[in-house]
Amino acid sequence: MRLALFDLDNTLLAGDSDHSWGEWLCQRGLVDAAEYQARNDAFYADYVAGKLDVLAYQAFTQAILGRTEMAQLETWHRQFMQEVIEPIVLAKGEALLAEHRAAGDRLVIITATNRFVTGPIAERLGVETLIATECEMRDGRYTGQTFDVPCFQGGKVVRLQRWLDENGLDLEGASFYSDSLNDLPLLEKVSRPVAVDPDPRLRAEAEKRGWPIISLR
């Protein structure tokens, strides 16, 4: 069985679910909009530039999880899915998932965005295996802290390798689809790296290395 690995944000989605979640919270008046938006945008700019402090970012994004009851978070997320995520699910991305599924490949979404945000999205896309940044839980609610290695840059390789070892799998014949140079460590590990609507830095790298470049837009 070959693996088909997919980044989520700006790969299978026409946008960034993590950043969009923050924008949705601001629009709903659930956080201090001016302060939150400024920090959210600054972190996103750092991500695009490849210099994100992932632990600081996760502390920022998960703070609201730690101070909100689970039932309320689930209600908000259902609204977020309907209002924000559904319109940015890419039909060509779903077709690509279906193509790999029909070929008998094991589908995996591997994303830096936390599991609270991405779990329902992976379910919506019909992908059972999700490797994401983990949110610590205690007594049935989020603590607001990150648990385990953040699934970002080299952390994606660490988290994936652990999952491979636990499941007796390897990367022989594996594909990985991503839009971002932040995913270069994992792109270099697979048999078939594919740049999807890549950012300028990944496009240059893919062209230099002769990697396929595709668009799902």
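Placed from the backbone N, Cα and C atoms, the Cβ positions cover glycine too.
Taken verbatim from Swiss-Prot:
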ACT_SITE  D7  active site, nucleophile
ACT_SITE  D9  active site, proton donor
BINDING   D7, D9, D179  Mg(2+) binding site
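In this structure the C-alpha atoms belonging to D9 (active site, proton donor) and D179 (Mg(2+) binding site) are separated by 8 Å.
Put simply, D179 (Mg(2+) binding site) is 8 Å from the residue listed as 'active site, nucleophile' when counted between their Cα atoms. Annotation note: the residue listed as 'active site, proton donor' sits in a coil segment as assigned by DSSP. In the three-state DSSP classification, D179 (Mg(2+) binding site) falls within coil. Of all the Cβ atoms in the protein chains shown, 22 others lie within 10 Å of the Cβ of D179 (Mg(2+) binding site). Same-chain residues that are not part of D7, D9, D179 yet have a Cβ within 8 Å of the Cβ center of the Mg(2+) site turn out to be L8, N10, T11, L12, L13, D16, T111, S178, S180, D183, V196.
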